[in-house]
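One structure is given below, encoded as structure tokens.
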Amino acid sequence: MKEITITTQFKVFDSVLDLPNDIQELMTQAVEVRKNAYAPYSKFRVGVAILLDNGKIVLGSNQENAAYPSGLCAERVAIFYAGAVYPEAKILKMAITAASDSNQTTAPIPPCGSCRQSIAEYEIKQEIPIEIYFMGEIGAIYKSESLKNLLPFMFDKKFL
Ligand code: THU
């Protein structure tokens, strides 16, 4: 028997003001689009802004459904839109913010497992890493240099 240890790494920014200017701008757009979340069931609003290498910014917010599993997370709304409308573009950066109507979220809120798997597909396809920044409503922002830091030991097409 042997043991394998996989490590991962994030950078931490204490506040939005510490972010590089382009990411501040991206995060501002994520905060703005978070208002468009359709979240009558969870009251948990997520906003996402994606910067593409063609200069376009694609936005998304979570969209819920009375049949709960039919709803979709903000990250997938945004990344599937990017794939649908700009199939040749590469995804450079992604800013994510999540806020609850019932309590203020102060910790960085990472994308869920299904969103990580979906982002992984695009990162592998485009062969360049996607920078991912995520936060709550206020407080620190975590930066992942690549989706790989969020989903070590991922399942991908090489196993098929
Ligand atoms: N949600 C997202 O939009 N992104 C995530 O990564 C986690 C969860 C949404 C789904 C649902 O509308 C609400 O947040 C509560 O789970």
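We number each residue from 1, going along the chain as drawn.
Backbone N, Cα and C atoms are what each Cβ position is placed from, and that goes for glycine too.
What TrEMBL annotates here:
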ACT_SITE  GLU75  active site, proton donor
BINDING   ASN62, GLN63, GLU64, ASN65, ALA66, ALA67, TYR68  substrate binding site
BINDING   CYS73, CYS112, CYS115  Zn(2+) binding site
DOMAIN    21-149  domain 'CMP/dCMP-type deaminase'
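Where TrEMBL records a feature, it is marked here on the structure.
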| residue | record | contacts (Cβ under 8 Å, 6+ apart) |
| --- | --- | --- |
| ASN62 | substrate binding site | ALA37, TYR38, ALA39, PHE44, ARG45, VAL46, GLY71, LEU72, CYS73, ALA74, VAL77 |
| GLU64 | substrate binding site | TYR38, ALA39, PRO40, TYR41, SER42, GLY71 |
| ASN65 | substrate binding site | GLY71 |
| ALA66 | substrate binding site | TYR41 |
| ALA67 | substrate binding site | none |
| TYR68 | substrate binding site | TYR41 |
| GLU75 | active site, proton donor | VAL46, VAL48, GLY60, MET94, ILE96, PRO111, CYS112, CYS115, SER118, ILE119 |
Binding-site residues close to ligand 1 - of ASN62, GLN63, GLU64, CYS73, CYS112, CYS115, only those whose C-beta is under 6 Å away: ASN62, GLU64, CYS73, CYS112, CYS115
Additional residues surrounding Zn(2+), by Cβ distance to the CYS73, CYS112, CYS115 centre under 8 Å: ALA74, GLU75, ARG76, PRO111, GLY113, SER114, ARG116, SER118
Any further residue of that chain within 8 Å (Cβ to the Cβ centroid of ASN62, GLN63, GLU64, ASN65, ALA66, ALA67, TYR68) of the recorded substrate site: TYR38, TYR41, PRO69, SER70, GLY71, LEU72
Tally of DSSP helical, extended and coil residues in the domain 'CMP/dCMP-type deaminase' (21-149): 46 helix, 36 strand, 47 coil
Same chain, 6+ residues apart, C-beta under 8 Å of the C-beta of GLN63 (substrate binding site), given in sequence order: ALA37, TYR38, GLY71, LEU72, VAL77
Count of other CB atoms lying within 10 Å of the CB belonging to CYS73 (Zn(2+) binding site): 22
Listed binding-site residues (CYS112, CYS115), ranked by Cβ neighbours within 10 Å, top entry: CYS115
